[in-house]
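Engineer: One structure follows; several queries about it will come next.
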């Protein structure tokens with residue numbers, strides 16, 4: 001049976017969800033193992049005096065991010081050549097190889113090698129999956145659909161925490177080998193579903209396969225799909241082709257110098273936004289929590305190892321519930337507002353956590369202070385989950401042109417992973433040496449990103465990808481290349497509206513203007 005309409009979009013969301021869950025699982029799997037006696041003993045992670053080998057722990061966690069960064073950068077030369085689907089095949093296959101090496105490792109170099117290889121695959125996936133999904137979803141639900149994926153991302157994180165907690169009661173090496181191996185399940189989910197799902201219509205059209213691209217477009221519009229000669233399909237296909245033709249006027253072969261263009265297309269501005277939104281996500285402090293949550297509970301809040309693992313499990317569940325909010329808010333409130341609200345809430349929770357950790361570090365045994373400090377970690381996730389978790393993965397897909405899209409996603413993902421490496425590398429020694437000051441630092445970073453988002457980030461919610469191009473065009477208010485049909489939605493009424501617009505356009509040359517963005521930057 002051929003998948004069409006909402007069933008096709010649901011299948012795309014599910015396949016992408018396996019990829020997001022794999023990403024989340026990898027983020028959380030080591031958190032539950034770092035305090036596990038069998039894991040610590042196998043890899044000799046404790047000094048003779050009983051203190052943790054913070055530098056070794058940091059390398060085990062952080063060098064995975066280097067692999068992710070390398071994988072993300074590899075998408076720049078390979079992404080357009082392979083296409084979205086083949087890049088995902090490659091990424092998941094590499095991750096399975098890396099997971100097998102980790103599972104069978106008996107020393108730190110082996111474990112690190114496996115994590116780096118896994119990271120390369122994850123970097124390819126995280127650069128590609130949001131682009132593929134974004135190019136197959138409808139404008140009105142693009143944010144919601146990607147948000148559902150990130151609910152599954154945090155589901156993967158929560159699964160990692162709870163599997164780690166459950167296997168911590170085993171006395172064999174299976175206590176840590178099974179959690180490491182389980183990530184293969186999610187990779188196989190992606191590989192199983194991909195053969196039944198289409199390639200991006202925009203990638204197909206850019207590479208000359210207009211007939212297949214039109215078929216894919218027809219299958220994604222409306223509740224049950226449309227015929228390829230339906231006016232709504234013709235209108236959207238034509239608009240994508242016009243956008244491609246404009247981009248190809250620059251030249252068929254992409255030149256790196258295009259990334260630094262400051263002319264009408266403002267490529268440099270777009271690329272900087274891609275990098276900044278990725279940096280903002282990682283410098284929020286999220287990976288201090290995601291990667292080292294059990295250590296934070298144990299070292300900063302002074303909970304026992306068993307209670308720390310249990311609290312991490314509940315934290316993952318709360319994080320997943322909080323992320324569900326994005327499904328209802330991301331398209332309604334817009335990207336800019338949510339990013340600013342999220343950063344404000346994150347800053348407040350970190351400032352309060354900072355003060356409470358200072359009290360606990362000074363020798364207080366107050367259970368009340370410890371309880372409120374733990375609550376601040378839950379509150380941080382409540383603000384981060386619906387805001388800075390999904391938007392930095394979606395936003396680069398929206399603000400870049402088709403010609404730049406895979407490069408922009410790769411640069412954003414590289415920025416995420418290289419900053420993630422820095423955070424993961426310095427966090428264990430920082431927890432030991434900086435104490436409460438670590439949380440103060442990340443709180444200040446969040447305040448800074450409120451200012452950056454307010455002045456520099458344009459709104460992209462509910463706009464077609466081709467329409468967003470004109471937000472960056474200096475004379476977008478008067479240019480009539482934007483839309484000879486309105487934004488296409490998934491409902492029957494909007495599809496009918498698109499048909500009428502196509503018919504009107506044939507007779508009247510109707511012009512649709514792009515609404516002005518809220519950004520203050522030019």
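Keep in mind that glycine also has a Cβ here, set from the backbone N, Cα and C atoms.
For reference, TrEMBL lists these features for the protein:
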| type | residues | note |
| --- | --- | --- |
| COMPBIAS | 500-509 | compositional bias 'Basic and acidic residues' |
| DOMAIN | 12-461 | domain 'Major facilitator superfamily (MFS) profile' |
| REGION | 500-522 | region 'Disordered' |
| TRANSMEM | 7-25 | transmembrane segment |
| TRANSMEM | 54-75 | transmembrane segment |
| TRANSMEM | 87-106 | transmembrane segment |
| TRANSMEM | 112-134 | transmembrane segment |
| TRANSMEM | 146-164 | transmembrane segment |
| TRANSMEM | 176-197 | transmembrane segment |
| TRANSMEM | 271-293 | transmembrane segment |
| TRANSMEM | 313-331 | transmembrane segment |
| TRANSMEM | 338-360 | transmembrane segment |
| TRANSMEM | 372-395 | transmembrane segment |
| TRANSMEM | 407-424 | transmembrane segment |
| TRANSMEM | 436-457 | transmembrane segment |
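Each of the listed features needs to be described in terms of its position in the shown structure.
Structural biologist: Only residues 6 or more beyond the boundaries of the transmembrane segment (7-25), in the same chain, are considered here, and those with a CB under 8 A from a CB of the stretch are 88, 92, 95, 122, 125-126, 129-130, 132-133, 136-138, 141, 145-146, 148-150, 152-160, 182-183, 186-187, 189-190, 193-194, 196-198, 219-220, 225, 490.
When Cβ-Cβ distances below 8 Å are used as the criterion, the transmembrane segment (54-75) is approached by residues 26, 30, 34, 43, 45, 87, 91, 94, 98, 108, 111-112, 115-128, 291-292, 406, 409-411, 413-414, 416-418, 420-422, 424-429, 432 of the same chain, each at least six residues removed from its ends.
Outside the transmembrane segment (87-106), and at least 6 residues removed from its termini, the chain residues within Cβ reach (under 8 Å) are 19, 22, 42, 67, 71, 75, 78-79, 113-125, 127-129, 132, 177, 180-181, 183-184, 187-188, 190-191, 194.
Here the transmembrane segment (146-164) has long-range neighbours at 13, 16-29, 31-33, 36, 129-130, 133-134, 137, 178-179, 182, 186, 290, 293, 309, 312-313, 315-317, 319-320, 323-324, 326-327, 330, 385-386, 389-390, 393-394, meaning same-chain residues at least 6 beyond its ends whose C-beta is under 8 angstroms from one of its own.
Listed as Cβ neighbours of the transmembrane segment (372-395) (distance under 8 Å, sequence separation of 6 or more from its ends, same chain) are residues 126, 130, 134, 142-143, 146-147, 149-150, 153-154, 273-274, 277-278, 280-281, 284-286, 289, 293, 296-297, 300-301, 303, 311, 315, 318-320, 322-326, 329-330, 335, 338-339, 341-346, 349-350, 352-353, 356-357, 360, 412, 416, 457, 460.
Counting residues 6+ beyond its ends, the transmembrane segment (407-424) has Cβ neighbours under 8 Å at 58, 61-66, 68-69, 72-76, 79, 119, 123, 126-128, 130-131, 254, 259, 270-271, 274-279, 281-283, 285, 287-288, 291, 392-393, 395-397, 399-400 in the same chain.
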Engineer: Between the stretches 271-293, 313-331, 436-457, which wins on the count of C-beta pairs under 8 angstroms to the transmembrane segment (338-360)?
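Structural biologist: Ranked by Cβ pairs under 8 Å, first place goes to 436-457.
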Engineer: To what whole number does the mean pLDDT across the domain 'Major facilitator superfamily (MFS) profile' (12-461) round?
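Structural biologist: The predicted confidence over the domain 'Major facilitator superfamily (MFS) profile' (12-461), as a mean pLDDT, is 87.
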Engineer: For the transmembrane segment (271-293), I need the partner stretch with the highest count of C-beta pairs below 8 angstroms, choosing only from 176-197, 313-331, 436-457.
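Structural biologist: Between the stretches 176-197, 313-331, 436-457, 436-457 has the largest tally.
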